[in-house]
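*Asks:* From TrEMBL, here are the annotated features:
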type     : residues                               : note
DOMAIN   : 10-545                                 : domain 'Kinesin motor'
BINDING  : 105, 106, 107, 108, 109, 110, 111, 112 : ATP binding site
REGION   : 180-201                                : region 'Disordered'
COMPBIAS : 182-200                                : compositional bias 'Low complexity'
REGION   : 720-750                                : region 'Disordered'
COMPBIAS : 729-738                                : compositional bias 'Basic residues'
């Protein structure tokens, strides 16, 4: 069957259905095969028969739908992961393009199986690493012998990271005794089934003798005979070379401290034992010894998949891992041995920032990560296993090993032109994300910290759904809307590189192309209808409501009449005469008449309400005009009272002024009278002197009178001063109140 090419959108959405052993549930999801020449792209979900909400039947469109029999290799080849990897590697002479591959679905739907695989089958992540090292291995720069190469990688890093060779990183973890992992939760990974083997994924195959390589785990394991056995051995020889080279080259590792943080590797090498019974993503590993590489899966092989690689360039592969837990970013490769003697709850975890740095001012990066430069697939898988042991997991009622955080596995492809004088490194990143599944607290039976984690997970997935819905609407809109991806850390990490970035001035776009993203939605056709339908609604590329579940009254009447017609010919209807049809027609006409009467009554009530509304509006206008009139009357009355008060005050002040004038005139009259009396005394004294003839006694009398006159003048002046000091406006007002006057007081009488 041919496959339609992927769309040119930034986000391609694929749907993968997982097999289920549930026998007590009905299948609510059907795949539509519209064109036999192409792979299916549409599904239809039908609500359960016992659904009381009468919801509609919905139809969803995806880039492609992978049914239950699809294996890991088929998914890896047909979902666009190979093209995504070629874009990250970059064409000849050109810089690579960032890529993103993520899984989305409810808890227990097979997300981790798709990304991480199981004990017997590799996931998309391991297949990507294998394909990447298989084609870039001969062109990888040798950091073990070239000191300048590792130093140039440190200088080219823009994320303020701590860069380490894989040998030094693994030696610091597994060379001596160490404390247990601090990333575990109350349900450690070793106490649960394999990470990729979600409970319920193992099903009985409908064809017991057929086992599809890379499919979900079945009860029948792949055969190890013939060509299949030879390919497995070839893959094992390539994946797990002799450990002698790994132990001998450690003494030649160049120690190039990072620009910000420093970690000195220890003077020993990793001891890989063969007696430790552990497997990939299953049993807990000891901090003394690395996991057994022979237990890691090698199926399915991908030796025949070709990838275009630039032969004129040399590469370096840098691996980093982090998780988003409770909307905070934590590094998964931080060495647990850095905190010996502490319990898992006491070991601190420092949250990282997603920000712009000095060397990357226009593009946000996760600053402060610990990054490991890997030289082969073995080292990359060991680093992956180390990071997964630090990821937060817990057992719930829905999944025995449920992820409590969103896991990010980043593969940075450093590329530069290979020559005697190599140029600068260019960087492109392939990010593979294992999103935590949405869950209901009632079903998962979570409480306490686990319930808080579930709330944060559901909140971040809700924001992710809003962004994906907006991106889906923008694909057909003439004026695209802004995608609100800055609402939480998850959406910011997933969508920040999906749009064109600008310089600090904002006038020119950077030369870095936006990333290409792939979303793989996992669903269980026999699982929880409510949770699965909600995931499908905001992740699908298109949605259509096909059949209404609530018919109208008219359609009910018509369908009843048609059913009656058909029933007239059935032996179980009991109506085989034309009179039965006449009765049904009369009942339909009576129903129509009843509805028409109700319609007329409703129209009459509508007219009455219309008249009441008009009358109410008229009354409202009359009330408004009356309010204006009353306001004018009140204003006029208040103005009249104010005028009367002002006239009264004017009369009072004029009376006070007249009284003051009269008192002043009376005072002046008294002064004149006293002065006149003094003049008369003086004249009498002069006359006596002339008559007497100027005796000595007369002279003494004159002096006495002169002294008395001076004293009288002083007493008069003192009395005037006392009188002026005792006068006040309050006394004037008291005088004014006791005085009666006549006239209007308007100043017209003289």
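Cβ coordinates are placed from backbone N, Cα and C, and glycine is handled just like the others.
Map the listed features onto the structure and describe their local environment.
*Replies:* With a cut-off of 8 Å between CB atoms and residues at least 6 apart in sequence, the same chain places 111, 437, 521, 522, 523, 535 near residue 105 (ATP binding site), listed in sequence order.
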*Asks:* These are the binding-site residues: 107, 112. Which one scores highest on other Cβ atoms within 10 Å?
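*Replies:* That would be 112, with the highest Cβ count within 10 Å.
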*Asks:* I'd like the number of other C-beta atoms within 10 A of the C-beta of residue 111 (ATP binding site), please.
*Replies:* 27
*Asks:* When you measure from the Cβ of residue 110 (ATP binding site), how many other Cβ atoms are you left with inside 10 Å?
*Replies:* 25
